[in-house]
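*Asks:* Okay, here's the structure, questions in a sec.
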Amino acid sequence: MATTTDARDADIARAAAAIADPSRARVLQALLEGRALPASVLATEAGVSASTVSGHLAKLLEAGVVRVEPHGRHRYYRLTGPAVGEALEALARIAPPLPVTSLRQSTHAHALRRARTCYDHVAGALGVALMAALLERGVLEGGDGRFHPEATESDRLSAPGNDTTYRLTDPGRAELAAFGVDADGLPARRPLIRYCVDWTEQRHHLAGALGAALTGRLFALDWIRRGSRRRVIHLTDEGRTGLERTFGIVVDA
């Protein structure tokens, strides 16, 4: 997807056409977790055949919204970057919800509200609880973690936020380093701290390089695991204990 500071100079129609097909939209939603996936998995997620998904992936590659990563004889696909995930989350804000027609769908929707990935960082109730804990402990400063629609200038639900500027404090930098997240060693090409306005909780969750690194650490510790359904993550027993001990986050079982 093209990166530009002026939407008037961007070929929005081309990008929109690439994701307008329902099957391609499901492919992109599967990739919102931030992982690289093979075409076979994406075909299953989209509910189409392998030959059909191949054509869809070609269109997404041409539009620049996905990229391919060869691994030996296999090819894996992922979103080209956080900007694509942010655009998809923003579209979710204006799109009508898919109708829930089964108990399984209802359970999936509930699981998404509890804890999910938003591209490469934690969102949902767990994501906003983590953000709130970082603010309460003084790891971050600059805002209260809340979405204030009556005072917002540009922030909207299910979109990257811009109205609040969060900063990592010196004590917070040390606390995260002790936890295994080296803020100074994160790639400089990406903003250290960003936030999204969570669409289910209507509060802020942490994004940016720091949000991705913290989420990666939670996975590495096996405090969270990916669920079998798209974007769902589950908190392990070790994670429930660890989050309370480390950050003071109490999560109901």
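Positions of Cβ are set from backbone N, Cα and C atoms, glycine also.
Pulled these from TrEMBL:
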DOMAIN    4-99  domain 'HTH arsR-type'
*Asks:* If you average pLDDT over the domain 'HTH arsR-type' (4-99), what do you get?
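*Replies:* A mean pLDDT of 82 is what the predicted model shows over the domain 'HTH arsR-type' (4-99).
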*Asks:* Using DSSP, what is the helix/strand/coil residue split across the domain 'HTH arsR-type' (4-99)?
*Replies:* 56 helix, 14 strand, 26 coil
